Structure formats: C-alpha cells, structure tokens
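Report on the following structure.
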Amino acid sequence: MSLLIWEWCDEGIQILQEKPLPCSISLHSEYTTYGCGSDEKMKERGQWGNKVEFVLSVAGEIIGLGNVWRFPYLCYKNGGGAFFIPYLIFLFTCGIPVFFLETALGQYTSEGGVTCWRKITPLFEGVGYATQVIVALLNFYYIIVLAWAIFYLSYSFTWDLPWASCNNTWNTGQRSTIGSVDPRLNATSPVIEFWERRVLRISSGIDNIGSLNWDLVLCLAIAWILVYFCIWKGVKSTGKVVYFTATFPYIMLCILLIRGVTLPGAFIGIKFYLYPDLGRLSDPQVWMDAGTQIFFSYAICLGCLTALGSYNKYNNNCYRDCLSLCFLNSGTSFVAGFAIFSILGFMSYEQNVPISEVAESGPGLAFIAYPRAVSMMPFSPLWACFFFIMIVFLGLDSQVRLEQLCLLCLSVCLSVCLSLPCRNITHVSLQGGMYVFQLFDYYAASGMCLLFVAVFETVCIAWIYGADRFYDNIEDMIGYRPGPIIKYCWMFFTPATCLGTFAFSLIKYTPLKYNNEYVYPWWGYGLGWLLALSSMLCVPLWVVIKMCSVEGTLKEVSHTHHPLFSLLTPTDFSLCLLLYIFWA
C-alpha cells in the first residue's frame, strides 16, 4: 500500500508542476477543455456595447429591494451604527471576494452559471445547478413584488389615497382616517385593511387557497410584459434598457431623501437608525443578519454575476469594476436608510408613538409603513407615486437579470416566458397566495441556501482548481494580480465564515409564522424545507452521480490519470491526497 501511495504521489507532483496556458487550458478529459472563448463564440453570444452597460446592468441586479426595505431595518434592529462593524467584516471577507470570484469566472470562461463550473470542476457542476434552482425560485419572489408595486402605483394617481381612510367598501368597523386614529385604541389601520382586504384579499390560511385575485393577475401580466420587452433582443436590448432602469431609482431616492430629512421628526428616525448600541454585538443573531444581508444585497451565489461577466470583453478590468460596484451597493444601502427612517421618524412624531411601533421590514415597509407615512404628508399622491415608481424599477431591474439568467441557462425562451407566469398565477395570485409567498421568501430564497453554495464555490476555486492558477488567469485578463488578501479569503476566511454562519442558522432555526401569529400546518413546513433542499441537494447529488459513473477497481481509481481526477482537475497536492484517502 505504501508503494502504491508513493507512486501516486510521484505522478501527482509531476502533474501539479504543469503550468496552464493563460487563455486555453487543456486537461486530461474532454470535458475540461476551456479558455477565454473564441471571437466567433463571443460574437454569437453577444457582448456589452461598452463598459457602462455592464456596470449599470450589474448595478441594477445588486441594488434592489433589499437595499431599501431590509438594510435600514436591520441597522435599527441590531444596534444602529454598531451593526456596521459585522456588516463591514462580512463585506470584506465574504461579499467582495465572492463577488469578484463570480464575475471573473464568467469573464474568463465566457460561460453562464452552469457551464462555467462544468469546465472548471466537472465533478462539482452541481454548484451551477444549485444556483439555477435558487434563481428559478427567486423568479416568483421579485415578479410578485413587482405586481404589488404596480397595483399600489395605479392607486396613487388619485388625490385621496385609498389607504388613507376607511371610506371604502373593503373597510370594516368604524370609519376614520389615519390622522384621526387614536393610537391607544385597539383598531385596525386603514392601510393594513387596504393591504390585506383589497390587495391580497387574504384567506384564513394556506389550506384555504381561495379564488383568483384578478386585479393582481392583471398587474402580474403587466409585470411580465415589461420584463419581456426588456430582454426580447438579448444582451443588446438589456444593455440599452439599464441606462434608464438603473439610474432612475437613484433620482427617486434622492427626491425622497431630500423630502424626508426636511420633515418634522426626521431626526428621531435618523437617531434610531444610526445610534450605536455596542452591547448588541454580543448577540450572534446580529452577526448572522449581517452575513445574510451581504449575500442578499450582492446577488452572489445566484450565477447572475457569472452570466453578466461572461458578456465582457476578455481584457476588461473586472477587478476595478467589482470594487466600484461593491462600494456603490453598500453606499446606496446606507443612504437609503436616511431616506426611509427620516420618513418613519416623521410618522412617529405625528402619531406620538415610539418608532419601534412604526418600523417594518420587507413587504411590511414598502406596502404598510411607507404608504401610511406618505398619506400623512402634504401632496401625498405625489410622494406615493415617487416611492412606488422607485420600487417598480428596483424590482424590474432585479427581475430582468434573473430572467436573463434563466434564458441563458435554459435557452428555451417560450417555456420560461409561459410556464413561469402560469405558475405565478396559479398560486401567488390566489387569496391564499401570500402564505405561499412567505414560504418562498423564508425557505427557498433564504440566506442558508446562499451560504451553502458559497462554501462550495470558494472551495472549488481555491482548493480544487487552485487559487494561484485562477490568479494567473485573472492576470492574463487584466494585466496584473490583485492583492493577496482576496486569495486568502477564498482559501480560508470566506468558507470558514460561511460555514460557521450556516451552522448557526441551523441551530437558531425557528419555524415560520405569518405576521408572527399564523402557524403553518406540518405539510407547509415540509414544503418549505423541500424548497430549501431542492437547491442544496444539487451539489452532493451531482457528486454522487459522477463518482458512481466512474468505472474501475480501487487501484485504478487511485491512479492520477483516472477519469475521476479529470473530473476534479485538482492543483493542490494535499487535496489530491485527501481525495485519495477518502476514495480508498
């Protein structure tokens, strides 16, 4: 046995000493021949017209709803300014390294989110499939939010906002207005009644799915039509659309920010947003929230960055682009906090209630808290229009990138454009659809799934393909090697941090409750975990399938030229030894 291991080691070292060509690498298997792509292939796939189109497209993908309705609330919830400490740690150890990894991988291979892994490490092609499952599930999430925003926007073009009073057919109980409601009374706000009884027409539970909400079906159809005309000519059309869709939300955000900070009580909200409570740093939940927010807001582990990067020119300086986009994304989140919490501070001041009673996160902020706030402002329809136009464009940008990724991976435009809308209509536009939406939000698109994928992405690049080899590829593209800190993050900090956060999220898991009240039936939680596992199981299942397909005896498998090692394409000798021990 010792002679066998020595022979294996000797041949392994000889292979590891071979240097790959900078733009075209040929390994032992026909499945691992790849490179920067021929000019003919690049022309066939299409390219960005210029760097601005790429930057705006990525900005439109990563700067979305999470920047507006999740980050400010997490700051307030987790110690105000103290939350920036774990946020920045996760940003520099996980966010930026993985963001750059995916973008550079797409630019180097000129492939989408699945085929790039097939060429880098065929044994772990399941990583690409895992990202596509998450993207397919996220399609339900963003398109429904987009439909809700269109619904609210359509009602904003009236002088008397329908959620500002109880003088409507869907209201119950005493007729009043938001300004006349006594906060000491146990009453339902008109904005909540508009949300639940007019928009959602929500049923009693997931087991009472109800009938179709035709108003939402119409808004959903409008949303899909908008998405279709943004992507119908491929990268050429999306590259032109982003000039408007990626920049217009910034105009709206600036308008809302200026208006918010000039309102009475705005300082109350800003204080709650930024005032540091360093004692909160001892709570592990604060660190988990920071980690999951980075993964959500940077669109990593979805394959989107790989797909968008694949349309770049080979010598594009993707490293500089990634750094600029990452700082732009976090800066937008920070500024959005001022815009949101200045408005919430105004609402707290007007109603004479603690800001904790008006602060919301997620859909609750966009469709309950903020509509309630703008209804108390002069010229409220104008500010409502501005806000929901911003939400529409933020959601549209993210949805267009997700749909573009689906088209790139599936290459079946008809099936995507018809099957996904039909599935949206069949369950989310029903009266019990909100319960299904929450399952998708809590399980299918959870940070747990993204953390799981991130561990395998960094391990595959840093330890199987080789961090130094990938740095050689990057140097061939941009002309220099980035600082070593990113390489060390790929190798150690990022997988360790993601694995620790993933384990903690499992330990701290609590079953979903809608509005912290409604408890799902057992099969509802089973459906949620099935959605979560549908992406995570892609990685180990693909490994098992590939390893079972390898023929040969134990001695043959231990040989470095065996097809198993062509599927791995390892470059680190210690990893080869570990794989040999595991297989033997």
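Just so you know, glycine gets a Cβ as well, placed from its N, Cα and C.
Features of the protein shown, as given by TrEMBL:
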- Gly60, Asn67, Ser297, Asn329, Leu394, Asp397, Ser398: Na(+) binding site (BINDING)
- 83-105: transmembrane segment (TRANSMEM)
- 126-153: transmembrane segment (TRANSMEM)
- 212-231: transmembrane segment (TRANSMEM)
- 243-270: transmembrane segment (TRANSMEM)
- 290-311: transmembrane segment (TRANSMEM)
- 323-349: transmembrane segment (TRANSMEM)
- 369-393: transmembrane segment (TRANSMEM)
- 405-422: transmembrane segment (TRANSMEM)
- 442-467: transmembrane segment (TRANSMEM)
- 488-510: transmembrane segment (TRANSMEM)
- 522-544: transmembrane segment (TRANSMEM)
- 564-583: transmembrane segment (TRANSMEM)
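Distribution of TrEMBL features across the structure.
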residue : record             : Cβ neighbours (10 Å)
Gly60   : Na(+) binding site : 24
Asn67   : Na(+) binding site : 25
Ser297  : Na(+) binding site : 24
Asn329  : Na(+) binding site : 26
Leu394  : Na(+) binding site : 29
Asp397  : Na(+) binding site : 28
Ser398  : Na(+) binding site : 25
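Beyond the ends of the transmembrane segment (126-153), by six or more residues, the same chain brings 64-65, 112-118, 199, 215-216, 219-220, 222-224, 226-227, 301-304, 363, 366-367, 371, 384-385, 388-389, 391-392, 395-396, 398-399, 402-403, 405-406, 409, 420, 423-424, 428-429, 433, 437, 440-441, 444-445, 449-450, 452-453, 456-457, 460, 531, 534-536, 538-543 to within a C-beta distance below 8 angstroms of the stretch. In the three-state DSSP scheme, Gly60 (Na(+) binding site) falls into the helix class. Touching of the transmembrane segment (290-311) and the transmembrane segment (369-393) is ruled out by the presence of fewer than three CB pairs under 8 A, sequence neighbours closer than 6 excluded. Counting Cβ pairs closer than 8 Å and at least 6 residues apart in sequence, the transmembrane segment (83-105) and the transmembrane segment (369-393) reach fewer than three and form no contact. Those same-chain residues not listed among Gly60, Asn67, Ser297, Asn329, Leu394, Asp397, Ser398 yet with C-beta within 8 angstroms of the centroid of the Na(+) site C-beta atoms are Ala59, Glu61, Ile62, Ile63, Gly64, Leu65, Gly66, Ala299, Thr332. Of the candidate ranges 243-270, 369-393, 522-544, 243-270 has the most C-beta pairs within less than 8 angstroms of the transmembrane segment (323-349). Sequence-distant contacts of the transmembrane segment (243-270), counting only residues of its own chain at least 6 positions beyond either end whose CB sits under 8 Å from a CB of the stretch, comprise 52-53, 56-57, 59-60, 63, 68, 230, 332, 335-336, 338-350, 355, 377, 383, 386-387, 389-390, 393-394, 396-397, 400.
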